[in-house]
């Protein structure tokens, strides 16, 4: 270790090395995480590649602004428990973000070593820190918390709700988290497949939160099993972290044919099936032996592609309307999908699902990239006369999600914007306070469908806003 720690050129002598990955042929048959854990010496060597830049771009690109160079140094020195403590100062779910964040678009994408040497494996080290610390018996230190008589109801046990609960409980405010699902995590548990995030990770995190003092009321849907007004009466404040679940339609003919599936319904039903939760057997969709076309280019589309592979689909093709460089998801996930047998059709825009009584194919047109849109991405333009039909037995549509406001929002004075998102500005009198002063909100239902880590950040910031509101 001494020789390594004194080596200022570790980033040259030791190249970027990701954790060992299971062979594609093996993992394509398993709903299990595909990366092996880092060995301690490998994690330390990779962490020591960090240059400790005076202006750490990785830290600024991270939505929760993790103290990345600092905990990399602690790992390189073997100080895992200190690294875990530091990691949890900014992130409520570091072991989750280490697994599911698109680091190539965030921290690792801005690493100085990208130019010629390969970025530090920040995400893998982040995962290693918390997994190892928990295995060593580490738990968040709650010994200095002074408990108040305040309690806050949180609707949604996804990343935003858990981030909010984390901030509140560490400051002596009792969080009670309600969720319609039987386990915590929201789409972390019921949407993201186990080859990216094994569900034991969230089970462990639930136990940790409960030890800290967070109370969970699971299998309870507010508005169905309990009136929202009851929460307003019984709690000092309420946080909404209900996510975005509404399917974005393609708007083309044939979308209602048998054999066309909504991405989220498909993924949730598969997770329920794998975990053995009691649901309507008709909800589960097996694509075994079928020619599958997945429409979309984000991480949800990759989850659908790779799930279909594991179900034994005859073939899986992902069709996306822009080129590969413009895909919105993680490049790592695209590479994993390709290794596992997914084919890609780029610059293809769907115009109709073909079939009489069920899906027989998907009609697409070729596109070329034109002028940038309002987000700076080149718009796909249709190439005239380029229609073709891709044969298919099943089509999965993964175009993203929209907010689905609850019927009681208007009743309690929660205002929405033109896209159906809850108005809860970060820069308001209290961070993420809605138009009802007692109600706060954050995550996808405020910003629109986005990353896990941004939801964690907004939940934590809303927690700080609630503390200010309660004068704690």
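Glycine too: its Cβ is placed from the backbone N, Cα and C atoms.
Here Swiss-Prot flags 41-72 as domain '4Fe-4S ferredoxin-type', drawing on sequence analysis. As a whole-number mean, the pLDDT of the domain '4Fe-4S ferredoxin-type' (41-72) in this prediction is 97.
For 50, 53, 58, 62, the entry in Swiss-Prot reads [4Fe-4S] cluster binding site. Cβ neighbour count for residue 58 ([4Fe-4S] cluster binding site): 25 (other Cβ atoms within 10 Å of its Cβ, all protein chains included). DSSP gives residue 58 ([4Fe-4S] cluster binding site) a helix state.
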- Residue list, the domain '4Fe-4S ferredoxin-type' (41-72) vs rest of chain: Cβ under 8 Å, 6 or more residues beyond ends. 1, 4-5, 7, 10-11, 14, 16-17, 19, 78, 83, 86-87, 89-91, 94, 97, 106-113, 117, 120-122, 124-126, 128-129, 132, 451, 453-454, 456-457, 460
- Query: What same-chain residues, at least 6 away in sequence, bring their CB to under 8 Å of the CB of residue 53 ([4Fe-4S] cluster binding site)?
  - Reply: 69, 112
- List, in sequence order, the same-chain residues at least six positions removed whose CB sits under 8 Å from that of residue 50 ([4Fe-4S] cluster binding site)? 11, 68, 69, 72, 73, 76, 120
